[in-house]
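*Asks:* Got a structure here, written out as structure tokens. Questions coming.
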Amino acid sequence: MFSQINERLVQVKQDVRKKEKIEAKLADYQKESEMIEETIAGLRRQFESEKKDVDKLERVSLANLFATLSGKKEEKLSKEQQEMIVAQHKLEEAEKSKKEIEDAIQELILKRSELIHVEEEYKRLLREKENMIKYSDSPSAEIMLDLSEQEGLLKAGLTELYEAIEAGIEVDRALDRAIESLRKAENWGTWDMLGGGMVSSMIKHDHIDEAEDYLHKAQKRLRHFQKELLDVEETIHLEVGISGMLKFADFFFDDFIADFMVQGKIKKSLDQAIQQSDDVYDILSKLQEEYEEKGRELEMLQKQKREMIERL
């Protein structure tokens, strides 16, 4: 009789905690969704402004004619086109992030719907527990049931830590690939600046495109990692602010078209990506330590329960 309610209490306690954490993640995603909406609105205005500047230079006008005669039209048009392309690119990246956030919100809403009645079930089990203790002849009954609740909390905590570790490993993989691509782009960029010609320039830009793709994946996985860390922030102190890490790739999308600026941007992006990888590694180390500590606590508690059962 006690073993059945013990097992049920362990499971329901985990489910209650899981639902609470889903609610916290949803609230955080909702804030992020509002922020990305504001970002997109600003980027859209910026893109429209840059597009108007390009259109003005392409139209026949007195200012356009003067720019043509003075030999500055192509230079000005090229600069405005670059600014327009960068604005468009940043807008597309932000819209991708918005879609990813919306998908994550829908996934969490679905998971929450599967746990809709857990609080009621938990309250029902608590009432049943009180009655069992009241009518039990065993002085250890209350202690046993309390240990079961503690076991449920520990198991839930271990699950949360495991999920955070898995999410962090995914971030690290994406960053490693981005770092590899940026190193290749940097090497080819150096060759390009020394007169490597069209082929080296094309290869360099291929690696930049590849690195950009991995950086976007890293941002997506960092977002998921940050939400998983919400689950464990009460039990583990993190000195690294991951909300700031989410923005680390933004500068990479600015002005990377101009060749000489690209070389500087590649170095800066590479340094930043390495720093982010180091930060993620530090967080993973702390998570692993906490996971092992919680595992030892669970083993001790389960041993205590077994010994108590043997004495009943």
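For all residues, glycine too, the Cβ spot is worked out from N, Cα and C.
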*Asks:* Would you mind telling me which of 152-179, 208-235, 236-263 TrEMBL tags as coiled coil?
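*Replies:* When 152-179, 208-235, 236-263 are checked in TrEMBL, coiled coil belongs to 208-235.
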*Asks:* Which sequence-distant residues neighbour the coiled coil (208-235)? Criterion: at least 6 residues beyond either end, Cβ under 8 Å.
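*Replies:* For the coiled coil (208-235), the far contacts come to 21, 24-25, 28-29, 32, 93, 96-97, 100-101, 104, 157, 160-161, 163-164, 167-168, 170-171, 174-175, 177-178, 181-182, 185, 242-243, 245-246, 249, 252-253, 256, 262, 266, 269, 273, 276, 280, 283, 287, 290, 294.
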